[in-house]
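What TrEMBL records for 199-286 is domain 'Csm1 subunit'. Positions annotated as domain 'Cas10/Cmr2 second palm' by TrEMBL: 455-576.
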Amino acid sequence: MMLLVMGRVRSRALGGEPRDHANKYLEQLSNVFTSAGVNVGDVRKALANGAAGLRSYIEAAIQGPEPSDGCGDGQLIIDLFGKEVRVGPALMRSVVEGGVSARDGYKTIVSALDDYVARLGALSMDKEQLMTTLLTIGRLVLSYVPYSTCGVGSGISAYAVMHTAAAYASTEPYGRFRLLGVDILGIQEVIGRIQRTGQAMRQLRGRSVLVNLFQNAVAVRIIRDVNRRVGSDVLSPINVLVNTGGEVVMLIPGLDSNVLDYVINDIESKVNEEFEGRVRVVVAYTGIHDIGNRFGDVLRELVAALGRRRYGIWRRFSVGGKHLCSMCGMPTGKLSVETIGGEELRLCPFCHYSHRVGTASRRLGFMAELRDSGGYGGCEVIELLGIRYAVCPDNARADLGREYIHYGINEFQNPILRASNVGYSVLFLNTRMPISQDTGDLLTLEDIGNYAISVKADANKMGIFKKGAAERGAAAYLFFSTLLTTVFDAYGPWLFTQNLGRYGNNVFIIYSGGDDIFIAGDHRALDYIARVMRRALDFGISVAAGALIHEPQMPMYLVWDETDERLEAVKDVSRDEPLIYLAHTGSAPIILTPSDVLEVVDYVNANTAAPPGEYEGDVIGKSLMFKVGEELTNIYNMLYALYALARQGRCGSRNELVRELVRGVVNYTYLVNRNRDRAYAVINEISSNVEPGRLTNALMPILRIRDCSEYVRSRELTELMKSLAKAIMKIDLYRKISRQT
Ligand SMILES: [Zn+2]
Ligand SMILES: [Zn+2]
């Protein structure tokens, strides 16, 4: 199945029959297939019989008739987010680097495919390792290549078809399938519970990594436990369609429910025991379906089953420990004590694991599932659900002889190493945090300045878009998750490492899983999130963000709640436009687009690098700037009040407000005129839009508004508020920064 899709893509660069190319790949891979127990003769026969036998699986994956190939320009058309975007054909790496404009062409795609096949062909490995490695190749090379170049085929990723059709095909002996889902609960809640600021960064960083491993461990355990109980390899990594951001969806053969129940109960209770409910896992599955059944319907059934299961677990579970964890504050019956810098930490199992992983992963290099017990040089070894993982810093050397699966982290360059009996996978993890040049330990927010900015971001309408993808079939659903990984989990770390000078010492990626992001730092945290939001928008994804400027000592759980509230508030303003809730003046929120936020940050950057020359060290200059800021804030508040009145339909006090607004502008003009040259120097630096003459002109159409409800729709009002908001934020952030330097 997978060879056929690869052969099809190869024929686009080299001409000829897809089947012949598939055969060529088969010959190159015959040794590794044989070592994995795959009968090469059978595969050859299946290819010789042509696509006919496999067509039903392709058609199940794309939920429609097999499209023909050989027309169109070979780009992938993405329209999952209500906007059509053309991308590729390109390697995943190119899409991470170049966004929607990435174009590699089929020559590059096919030469990458040929290289990987040649590498893999020289190795030997078991079936689980082989499938893992083949999927890695497919994901990196074929995600942004269309399955077909004609009609609807251009809208479906070749990798997504290859993976999902192979999953359908794997159900063959049973003829029918189920969906099985895993929900990891409590991932975000554990972050919101962190009570202390000291050690918090290490803890948080450890959690991001741990959650990924944990999710992986659950999927792996399901595969292996089911195979053991059935007594044959009915499941493999091919059955895992989605494995990101706390969600696992598997398409599996119509196995007996007794087998599944046994495995699931065992895993669920082991997790709950191990982590005392701090992080919980629920597993549920659907009834048995024909492969022709609509994927969206079956997925809905799965979601309902997970919901019921979650409720059951919630009721069953209660924590009965007598100690309180000093990190998350929850009771625990299994306390571990760690001493760091003379400080004693009493930790529950989950916080303890996070702490250890956070320590090992100052600069994450790779991870590995180990075959044996014992330490692994320079790495932290942890056991999750009986699976032993090594978490290794980037200076650790891989001892491939001891690894079962090697996980490259954000690895595009060289995912397949030259050792046999290892499977090769890639994880995209966004976990960068600044470390001290001297001690090599993680910095804290206090280390980077007298104030901090934290931002919580989340994409709008994801639930709706995801359902829409599911309605189009399993391949579209899988691609949806691949795209989120590309835009967030893979682009995030790339953006960071490309701009180490900007972010390396100032931005903490506290949590990042798919479209959910929580970061902190100085003003450059805003720069980072604004760029991520712009990239997402290129693909049609609108991301909302709530920011908070706060003292670095503020407890993490308070910051978390506050940014979360702002995130919700900004989503109420618009779910179509990406917006950042940046600050609150005391009477009005300041909400800006990513591009406006970048303008503000650029201003702050320029002026902290080189303070305004004329007024360097001049107290009067600075204080004048802040007075300008106060007057502008006053005007902004009044404009917002007008808008808010109109929105609530309570226009009674409008005339009074308008009078105050005019008075505010008069005061501002007076302030500027009194300090003429120096005031204009300040204004020219901040924004010519707030020069009194222009401000008055911008205000005129707003003052002329007769019908109060007009304020809500007035473009002039929105534009003026935006100009003011940018100016206010420039002054405010500059002030905070200049105070600390
Ligand atoms: Zn804890
Ligand atoms: Zn989300």
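Yeah, the Cβs are placed from backbone N, Cα and C, and that goes for glycine too.
A TrEMBL annotation is a machine prediction, not a hand-curated record.
Taken through DSSP, the domain 'Cas10/Cmr2 second palm' (455-576) splits into 72 helix, 26 strand, 24 coil. Helix, strand and coil residue tallies for the domain 'Csm1 subunit' (199-286), in that order: 53 helix, 18 strand, 17 coil [DSSP]. Model confidence over the domain 'Csm1 subunit' (199-286) is summarised by a mean pLDDT of 89.
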